[in-house]
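Novice: I have a structure here, written as structure tokens, and I will follow up with some questions on it.
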Amino acid sequence: MEYYAFTEQEMEVVPWLAQMLDGSEFQILHQVVNEFGTPNITVSGLIRIELHVANVAEMGAVLHWPNEHIHPEKMLVKDRDGQLLALLRELAARPGLNPAQEAQQIFDRALNWLVFGWNVLGRGERARALELLRWLQAALLRLARLAHGQTAHWLNPYRMAEQELSPAVMQRYAALTGGLDQLERCYRAAWAWLEELAHTLGLYLAPDFRRELTVTLAE
């Protein structure tokens, strides 16, 4: 569960939440500030709460949120003066994301991760190559969503993937996964899928670059 709170005064998140939960069936089990500076609290039932807190003067930052799944009336928990609702409605009225405009850049970045990871793998750094593979997997899943007209969850392509993408697409994605002893297969599968998606989406790939990738990954 993720929430944003805009307050006039500084607020200590954990004591405030503990007070809100007092007398309920929930208790705080764990608390931490995550890598991005946001308090994360786990309560009974292993429910994780991510609570962003900012001064009310910063409320205008809402307009810089990406316009994906913005439903003002459903999102609001409390709005004393209607200011937050107005901002959310303004955001929702703006043009949504345009995945097709990002396709070439995502493809080019995926090629970069492919080369990066393959070179690292060639040096024997298999754990690091596995880490880099994650970026390639995410890029391919985005491009696959675009190719199959399933871009509802564009910012996080993994979200609802099993429900929104076909079994065949998920099988292609599964071919990109594996253990430390299967990374060569994963990277080769990624390159094969990248080539197919480039053709499907009409993305540019320099012929010399294509040839060198094909020869190198076939070795």
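Glycine too: its Cβ is placed from the backbone N, Cα and C atoms.
Predicted automatically and left uncurated, TrEMBL annotations should be read as such.
Quick paste from TrEMBL:
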DOMAIN    104-201  domain 'Lincosamide nucleotidyltransferase-like C-terminal'
Novice: With DSSP as the reference, give the number of residues of the domain 'Lincosamide nucleotidyltransferase-like C-terminal' (104-201) in helix, strand and coil.
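Specialist: Summed by class, the stretch gives 75 helix, 0 strand, 23 coil.
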Novice: Need one number: mean pLDDT over the domain 'Lincosamide nucleotidyltransferase-like C-terminal' (104-201).
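Specialist: Summing pLDDT over the domain 'Lincosamide nucleotidyltransferase-like C-terminal' (104-201) and dividing by its length gives 98.
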